[in-house]
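Quick look at what TrEMBL lists:
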TRANSMEM  12-31  transmembrane segment
TRANSMEM  37-61  transmembrane segment
TRANSMEM  73-94  transmembrane segment
TRANSMEM  106-126  transmembrane segment
TRANSMEM  138-158  transmembrane segment
TRANSMEM  164-184  transmembrane segment
TRANSMEM  196-216  transmembrane segment
TRANSMEM  222-242  transmembrane segment
TRANSMEM  281-300  transmembrane segment
TRANSMEM  320-342  transmembrane segment
TRANSMEM  349-369  transmembrane segment
TRANSMEM  375-402  transmembrane segment
Amino acid sequence: MRRNALWSGLEALVAATLSFIASFVVARLIGPAELGIGAAATAVHVVFWVAVNGLFADALVQRLAVNDRMLSSAFWASLSVGFVAMLLQAASGWGLARLLHDGRLVPMTLVLAAALPLVGAGGVVQGMLTRERAYARLALRTILGQGVGTAVGVSAALAGAGAWALVVQQAVTSACGALVLLGSRGWLPALCFEGATVRSLLAVGMPLTASTLVLIARYRLFAVLIGGSAGAAVLGQVHLAFRLVDTVRELVFSALWRLMLPALAEHQTAQPKLLAQVDHWVRFSAALVLPLCLLLALGLERGVGLLMGPGWGAAGQAALPLVGLMALSTLMFPGGVALVALGQVRFTLYANLAAMVAACLGVVVLRPGDSWQAVMIWTVGQVLVSPYALWANAQALGVGLLRPLTGGFRIRATAL
C-alpha cells in the first residue's frame, strides 16, 4: 500500500512540476498570441484524448474478472475509436483555421491527430496495469511521456517555433506516453472480437467518459458566461483562483482514483468489505488532503499577493471557497469511487450535469460583478448537488445518507 501510494504520489508530483513548466515557461517564451493559437489546437486534442484513453481503461478495472478475449476485444475496439477520433481531430483543423484566421491550425491538428490511435491502444493497457496495481509502470508513462514532451516543447519554444511549441509538446506527450504503456506490459492482443463483451464494457465506460467530459466542459462554459457578464478582468481573477486550487485537486484526486478503484472493485460483491474499504479510504484521504486544504486556506491570499502583485489579491481570496469544496470532496470521494466500482456510473454523470446547470444558471440569473461573487455562485451550485451525490453513494452501499461520509471516522452515524 505504501509503495503504491509512493509511486502515485511521485507521478502526481512530476505531473505538477511539468505542468508548471509547460504552462508558464512556454507561455512566457512564445507570447500570448501564439499561445492562443497553440491552445486552440491542443484543447480539441485533450477532449479527444480523454474520450479515447478512458473509454475502456476504468471499465476494465471495474470488472470483477477479465480474460484475454475480453482484453483483446477491448483493445481492437479502443484502437478503432482512436482511428475515428483521429479523423475527427484532423477535420477540426479547417474549422479552427477559419474561426481563428490562421492556416497553421490545419497541419497542427493533423500532427496532433496522429497520436490518437496509439492513445486508444494504450488505454486498454492502462486498465490492465491499474488492475495489477503496477503503479511504477504507470508513473513511468507520465515521467517519460510528459517529460520528453515538455523538453521538446521548451526546446521548440526556444528555437522560435511559436504556437508549434505547444502542439509538438502535446503530440509527443500523447504518443510517447502511449508507447511507454504499450511497451511496459509485454502483451499482444489475440485476433478476436466479442461484440457483447465490448458492449458490456461500454455500459460502464461511456457514462464514465461522458462524466469526465462534463467535468472538463463545465468550468469552460462557466468561464465564458463569467466573461460575458463581468468582463475579462473578473474572468482573469476567477481563472487564476480555479487554477490555484484545481491544479492541486486534480493531481491529488487522480492519484487517489488510481489507488482506490482497483481496491474497491475487488469487493463489489461483498458489501460489508466494500464499506470497510470506503471507511479506510476516507481516513487515508482525510489524513492526506485535509492538511493540504488547511495550508492552501492559510497561504493562498497572502501568497498570491506576494508572487503576482497586489492586483491579483482578489484571486487568492476568491479561491478560499474552492478550498472548502476541495475539503468536502475529499470526504465524499471514496463513496463516489465505490459507486463506479459497483458499475452505477450514471449517477456520477447526473450529478456532474446538475452541478454544471446549477452554476451556469446562477451566472445567468445573478450576473456576478466580481470574482468573489462568481466563485460563490459556483460553490453554491456544487453544494446544492452534494445531497444527491450523498444519496447515490449511500444507496449503492446500502447504508444511511451520511454513513459514507462519516463512517470512516467512527462517528456514531450508523443510524443516519
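Any Cβ shown, glycine's included, is placed from N, Cα and C.
The shown structure was predicted, so the numbers you read here are calculated from the model rather than taken from an experiment.
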Does the transmembrane segment (138-158) reach the transmembrane segment (12-31), going by 3 or more CB pairs under 8 Å (6 or more apart in sequence)?
yes
Among 73-94, 222-242, 281-300, point out the range having the most Cβ pairs under 8 angstroms from the transmembrane segment (349-369).
222-242
Which residues of the same chain, at least 6 past either end of the transmembrane segment (164-184), have a Cβ under 8 Å from a Cβ in it?
22, 26, 29-30, 34-35, 38-39, 41-42, 45-46, 49, 104, 108, 111-112, 114-116, 118-119, 121-122, 125-126, 129, 134, 137-138, 140-142, 144-146, 148-150, 152-154, 156-157
Given the cut-off of 8 Å on Cβ pairs that are 6 or more apart in sequence, determine whether the transmembrane segment (196-216) and the transmembrane segment (12-31) share at least 3 such pairs.
no
Please report, as numbers and ranges, the same-chain residues at least 6 past the borders of the transmembrane segment (106-126) whose CB is under 8 Å from any CB of it.
37-38, 41-42, 44-45, 48-49, 52-57, 60, 71, 74-75, 78-83, 85-87, 89-90, 92-94, 96-97, 138, 141, 163-164, 167-168, 170-171, 174-175, 177-179, 181-182, 184-185, 187
Which residues of the chain, 6 or more past the ends of the transmembrane segment (73-94), have a CB below 8 A from one of its CBs?
41, 44-45, 48, 51-52, 55-56, 59-60, 105-110, 112-114, 116-121, 123-124, 127, 189, 192-195, 197-198, 201
